[in-house]
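K.L.:
Here TrEMBL flags 102-122, 134-151, 157-177, 198-216, 222-240, 261-279, 291-314 as transmembrane segment.
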Amino acid sequence: MEGKITWFNKIYIKSRELSGLALDSLFCFISFSAARMSLSLSFTHPILSRHVYSAVFPPPRFLFLSPHIPTTSRFPILYRAPQRATALSATAATASIFRDTAASASVFAGAYVLIFTFDILTQKELIQQNLSRKLVHILSGLLFAISWPIFSNADEARYFASLVPLINCLRLVIHGLSLSDDQSLIKSVTREGNPKELLRGPLYYVAMLMLCALAFWRESPVGVICLANMCGGDGFADIIGRKYGSSKIPYNQSKSWVGSISMFVSGFIISIGMLYYYSALGYLQLDWGYTMHRVALISLVATVVESLPITMLIDDNISVPLASMLAAYLTFGQ
């Protein structure tokens, strides 16, 4: 009797194994069909197109000796993604490159048009040269930061965006060394029309633009706050301080109370506006109660640093953004 029971158990176990194998085969067929459908839906998404076969449906159990289903990263040979997914990923990557290249060209063209426009206004004496220089100072950096969302979501997008200030760096060096002459550029961004000025403040300015794009990009509030204080805060401080700044700060007679207050207010407002812009686009998620206090503190730090009598030692285009960057990094922690 015992032998019959053992024989019956063996038959039962064998039938269970065969039924499991059949179910696994059926699951393999269903998963392959669903994966093809998921692949077609994720054609435009570079991440899904790479991982849809491995993340949506795991490999069938009968391909392995162990009862546990291993991850595809540990067994790339046993469960290799179809070549079609790789081809679609390459297509998405190529599309990102084309988009980022077009975005870089558009931003560079916009910067050129901005400088050309203010050069024309200066030549026709519609605005003074100092005002033109400061308006270029304010608008070029802020428009550069505002343009970041037109770049793709690829990791390399920040490098394409950084090409714009990099090219401008090279232009400033070439014209600053008098290797070439561009009077429109010199008149728009220098105080006295001296080409050697291009190698100081303007060069530091575009270097900071490149640093913020590379180091922080769109996912961190640090970069946009830094640019808001350097471009907007420092720019409006000079414009308003020159016109209404009769009351000077005791420890620095070249700075006025009105100019410093203007820097704090404009830096704070522009920072909040930039953060709201990136928050509305989904790049940042902020607690606005805490954010307002933190931005006010950062703007205050930038204002104090800008008011110090250290201009002969370090340019405002270095001290203000670095102070803002450090304060923002310490307060936001990212």
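Backbone N, Cα and C atoms are what each Cβ position is placed from, and that goes for glycine too.
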K.L.:
Looking at 102-122, 134-151, 157-177, 198-216, 291-314, which one has the highest count of Cβ pairs under 8 angstroms to the transmembrane segment (261-279)?
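P.N.:
It is 291-314, which has the most Cβ pairs under 8 Å.
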K.L.:
Return yes if the transmembrane segment (134-151) and the transmembrane segment (222-240) have at least 3 CB pairs under 8 Å (sequence gap of 6 or more), otherwise no.
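P.N.:
Counting Cβ pairs under 8 Å, at least 3, so yes.
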